[in-house]
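Notes follow the structure.
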Amino acid sequence: MSLGPFFRSPFTDLTASMVNFQQYDKCGELEMASIDCLEAYGTVKGSEKCANILADFQECAFMNLQMKRFQAMRLERHRQGLMGERKPSEYYAKAPRVDAY
């Protein structure tokens, strides 16, 4: 797996845009750690050696597990509402006061 273009020219260098997470506090350190690891081992060997760091960075960036957990909680709430285990007034939590902040 190569991260670069198939044919490299000055035009590809000029128009290339790499998306990074350095401006975000949440994933910036994980991105640097994964890039450092890939730089040390290369992309082929690094995919094996750096699998833990890459998985942590992908979870931080794309939040797959967090979204699956959110969907499971939401489906459980809907199931409880349909089965009558939860009253309609208790379906969602009460909203905070307007001046709560």
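Using the three backbone atoms N, Cα and C, a Cβ is placed for every residue, glycine included.
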From the list Cys50, Cys60, which cysteine is recorded by TrEMBL as disulfide-linked to Cys37?
Cys50
Looking only at Cβ atoms, how many others are within 10 Å of the one on Cys60 (disulfide bond)?
18
How many other Cβ atoms are found within 10 Å of the Cβ atom of Cys27 (disulfide bond), counting all protein chains shown?
20
